[in-house]
Amino acid sequence: MATRHFLTLLDLSSDELSYLIRRAISIKNGLKTQGPTYTPFSNRTLAMIFEKSSTRTRVSFETAMAQFGGHALFLSSRDTQLGRGEPIEDTARVLSEMVDAVMIRTFSHQGLEAFAAASSVPVINALTDDYHPCQLLADVMTWTELRGHIRGKTAVWIGDGNNMCHSWINAARQFDFQLRVCCPEGYEPRQDILAAAGERVSILHDPQQAVEDADLVTTDVWASMGQEEEQAKRAADFSGFQVTEAMLDRAAKDVLFLHCLPAHRGEEISTTLLDDPRAVVWQEAGNRLHAQKALLEFLLLGRIES
Ligand code: CP
Ligand code: NVA
């Protein structure tokens, strides 16, 4: 069987993604009732390459491998030969000889694709400048746990048309929901990604209008990793795009607020938004662990009906 990678949400079918969400919820329940007794990854190793910082992604992948009875290797580009110019394709071939899967957080999505093309073991995108698909597994899982199926619902993205926004657009395609992307002029998502999603995704520029009757509201930092120098300009350009409790009051009564974190209180969200009961970001962050377990299991062992 050909090696499966997870570089974007489009690498899996809608049916496979829905399976992953169900499986993640089932794995989470099993962990709660029985403890970490399910150990399908005895002696299996995940290499984790980080070229950018991380808290949630690193801890969730490393814990997932430990609880599954396997092992995770943290490889920072600074301390490996990657940082000294060894070609990524050579690194991919070498790691394929030794480990069972590779997780990468990097800048260039093309670089990730080049790595995956040379790898004979599954490669997982743990964030590039263009996409963050693992976060969307946890986000859709969180919605599903709390509200049921997301099909036909209306989600609103407020903020930058960035990697998270692109993955929300792909999620709207794959899970079949409506997405309103509300961003300042000049910060729209990539046109090709948007066009491929068709009528499910619309672009707006007025946050007050965008959140009207929404089932789900989400946002992200205004300056992503690698854009630190643009911070001041972006803070000015995004004025009026801060998500507040009053904004959520305009949404549906049972609206949920998600944020991939880390959050900047007082910038993209009000200082108290994460204390509002409509914000479910801690459950969302915790679900990274369970969603990634389901993903790793699927890529290494295939589908396990439950
Ligand atoms: N949401 C997310 O990916 O967090 P980290 O950057 O901490 O991994
Ligand atoms: N858009 C953010 C997401 C962090 C999880 C970034 O790329 O920095």
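Here the Cβ of each residue, glycine as well, is placed from N, Cα and C on the backbone.
Among the features that TrEMBL reports, carbamoyl phosphate binding site is placed at Ser54, Thr55, Arg56, Thr57, Gln81, Arg105, His132, Pro133, Cys134, Gln135, Cys260, Leu261, Arg288. The feature L-ornithine binding site is assigned by TrEMBL to Asn163, Asp220, Ser224, Met225. Under the heading domain 'Aspartate/ornithine carbamoyltransferase carbamoyl-P binding', TrEMBL lists 4-145. The domain 'Aspartate/ornithine carbamoyltransferase Asp/Orn-binding' annotation in TrEMBL covers 152-298.
Annotated features taken from TrEMBL, shown on the structure.
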residue: Ser54; record: carbamoyl phosphate binding site; contacts (Cβ under 8 Å, 6+ apart): Arg105, Ala126, Leu127
residue: Arg56; record: carbamoyl phosphate binding site; contacts (Cβ under 8 Å, 6+ apart): Leu261, Ala285, Arg288
residue: Gln81; record: carbamoyl phosphate binding site; contacts (Cβ under 8 Å, 6+ apart): Thr91
residue: His132; record: carbamoyl phosphate binding site; contacts (Cβ under 8 Å, 6+ apart): Asn125, Asn163, Met164, Ser167, Cys260
residue: Cys134; record: carbamoyl phosphate binding site; contacts (Cβ under 8 Å, 6+ apart): Phe6, Thr57, Ile124, Asn125, Ala126, Leu127, Arg288, Ala291, Gln292, Leu295
residue: Asp220; record: L-ornithine binding site; contacts (Cβ under 8 Å, 6+ apart): Gly159, Asp160, Asn162, Met164, Cys165, His259, Cys260, Glu268
residue: Ser224; record: L-ornithine binding site; contacts (Cβ under 8 Å, 6+ apart): Asp129, Asp160, Asn162, Asn163
residue: Met225; record: L-ornithine binding site; contacts (Cβ under 8 Å, 6+ apart): Lys52, Ser53
Shell list (L-ornithine; ref centroid = CB of Asn163, Asp220, Ser224, Met225; cutoff 8 A) = Leu127, Asp129, His132, Asp160, Asn162, Met164, Val221, Gly226, Gln227
Maximal Cα-Cα distance (Å) across residues annotated as binding carbamoyl phosphate, namely Ser54, Thr55, Arg56, Thr57, Gln81, Arg105, His132, Pro133, Cys134, Gln135, Cys260, Leu261, Arg288 | 31
Count the Cβ atoms, other than its own, that fall within 10 Å of the Cβ of Cys260 (carbamoyl phosphate binding site), considering every protein chain shown.
-> 25
Of the residues in the domain 'Aspartate/ornithine carbamoyltransferase carbamoyl-P binding' (4-145), how many are helix, strand and coil by DSSP?
-> 77 helix, 21 strand, 44 coil
Calculate the per-residue pLDDT averaged over the domain 'Aspartate/ornithine carbamoyltransferase carbamoyl-P binding' (4-145) and state the result as an integer.
-> 97
Which one of the binding-site residues (Asn163, Arg288) has its C-beta surrounded by the most other C-beta atoms within 10 angstroms?
-> Arg288
Using DSSP, how many residues in the domain 'Aspartate/ornithine carbamoyltransferase Asp/Orn-binding' (152-298) fall into helix, strand and coil?
-> 63 helix, 26 strand, 58 coil
Of Gln81, Cys134, Asp220, Ser224, Met225, Arg288, the binding-site residues whose C-beta sits under 6 angstroms from any atom of ligand 1 are none
Cβ under 6 Å from ligand 2: which of the binding-site residues Ser54, Cys134, Arg288 qualify?
-> none
